[in-house]
């Protein structure tokens, strides 16, 4: 796990992030406790967690697209500046006596918005800083920094709120953003210049959603993450009431319980790499679900602070190990071109699970009681163990392949990157006795095409010659097609190679690339010239690769 820390840039940013995460935990304790004191309403206290997590859920895909499209270092700095401004606003409102439920929720939302933009930019940069081999360790260290701060931050926050007040707590959070901003400014990122201009934001977001939709390994990991986040949200949203109503304590007890949760996360987090090497991810995540469910049930019935703290420690460890392994699973299943968006989708479901769960448990706590809400969350976590049979976690990594050497398309029209729509037809010659097996493989090819950006993928069979099959799909523009050619992973390439193996003559399938010209297009008026000439800067090669 120490390999990433040997990289100076990663070590500097990671160390600074400890202080930033510490400040966020102090703010979380201060905001929740302040809301409890001025409202005494469980649903409003739970809304503090919702306000912080909601931006991540709403903006995650856009944030991931921005991280994939632009300089990730600059995106991270701008995002943290936004969070810094929200923290300053909250501190100023508290100092001026303007604090209210609306102000608390608004400032938490602003801080959460900045963090929503920051997280995909920094997490998807980890492989650039430490290399792909050390990436799992970097992910574990990233989670460890969050939970190391969570182990002491709540206790510090509780002490600060009790002894110095909310103004000092909110001000400390603002000050602790400065080290991470300085560390990111000093990071000299050397990114490989892109060969193509960046996608439009809306298309980049759509591409990310399409990839996740057509990537079963990521879908399964995300499905497991939702239930884990919903169960854990009972810890974050109900702990103030556990401390006050069930245990009869104050802010110190609240900080102690959250501190125990964080200590468990750090302690178990140090063992994450060893657990991953020794046991299958699937069984480890199931074990974490079991441990978290039992811990929640114990919290709901315990009336002794040490016993509740022990349950919180176990819950923190289960959450840390499970979410780290799920994070690694998503990153290893995502090629570099969409890694920011895949991680953003992962963060979105965590935020959605935490926010939705906080609202749900808050409503149950309001209508029935806090203990019942926590018990239901525990039962949900125990039931999620069986999701492993429906949504097994992936075990292999996505290896990027790109287009085969010497497969540049033949172009004799005067086109630009914005020309489109572009229609692709791939003609296969398949023996009739292989038709069914070929069709089954082409279903996988279809998913691969759609995952990498193709639209309207179809497969047709020639009625006059049953051996002829034509695959057809399109892209909005020529640049979109060129991007799609760079995106296939080794698995995608292997699937397409299996389809090609059915060729009766063992030759490459015939590929046609066409520029669609709708009837009524202004380009076909009499005065519009037809520039039907080959572009000098586009090479010509055999047309057998799509």
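Each residue, glycine too, has its Cβ placed from N, Cα and C.
Look at TrEMBL and you will find 1-395 tagged as domain 'Major facilitator superfamily (MFS) profile'.
Below 8 angstroms of C-beta separation, residues 28, 31-32, 35-36, 75, 79, 101, 104-106, 108-109, 111-113, 115-117, 119-121, 124, 199, 201, 204-205, 207-209, 233, 236-238, 240-241, 340-345, 347-352, 354-355, 358-359, 361-362, 365 of the same chain, each at least six residues beyond the ends of the transmembrane segment (44-67), sit close to that stretch. Residues annotated as transmembrane segment in TrEMBL: 44-67 (among others).
Residues or ranges marked as transmembrane segment by TrEMBL: 79-112 (among others). If you look at the transmembrane segment (79-112), the same-chain residues 6 or more away from its ends with a CB under 8 A from one of its CBs are 20, 23-24, 27, 31, 34-35, 38-39, 44, 47-48, 51-56, 63, 118, 121, 166-167, 170-171, 173-174, 177-178, 180-181, 184.
The transmembrane segment feature in TrEMBL is assigned to 155-187 (among others).
The transmembrane segment annotation in TrEMBL covers 226-247 (among others).
Feature annotation from TrEMBL assigns transmembrane segment to 253-271 (among others). Within the chain carrying the transmembrane segment (253-271), a Cβ under 8 angstroms from the stretch's Cβ atoms is held by residues 1, 25, 29, 32-33, 140, 143-144, 146-159, 235, 239-240, 242-244, 247, 305, 308-310, 312-321, 324, all 6 or more beyond its ends.
TrEMBL lists 283-301 (among others) with the feature transmembrane segment.
Annotation comment: TrEMBL describes 307-330 (among others) as transmembrane segment. Residues 135-136, 139-140, 143-144, 147, 150-151, 217-218, 221-222, 224-225, 228-229, 232, 235, 239, 242, 246-247, 256-258, 260-269, 271-272, 275-276, 281, 284-285, 287-289, 291-292, 294-296, 298-299, 342-343, 345-346, 350, 393-394 of the same chain, all 6+ positions outside the transmembrane segment (307-330), place their C-beta atoms under 8 angstroms from a C-beta of that stretch.
Only residues 6 or more beyond the boundaries of the transmembrane segment (342-361), in the same chain, are considered here, and those with a CB under 8 A from a CB of the stretch are 43, 46-47, 49-50, 53-57, 60-65, 67, 116, 119-120, 123-124, 208-209, 211-212, 215, 218, 221-222, 225-234, 236-238, 323, 326-327, 330-331, 333-334, 373-374, 376-377. Among the features that TrEMBL reports, transmembrane segment is placed at 342-361 (among others).
Residues annotated as transmembrane segment in TrEMBL: 373-391 (among others).
Annotated region 'Disordered' per TrEMBL: 524-546, in sequence order.
Annotation source TrEMBL lists compositional bias 'Basic and acidic residues' at 524-536.
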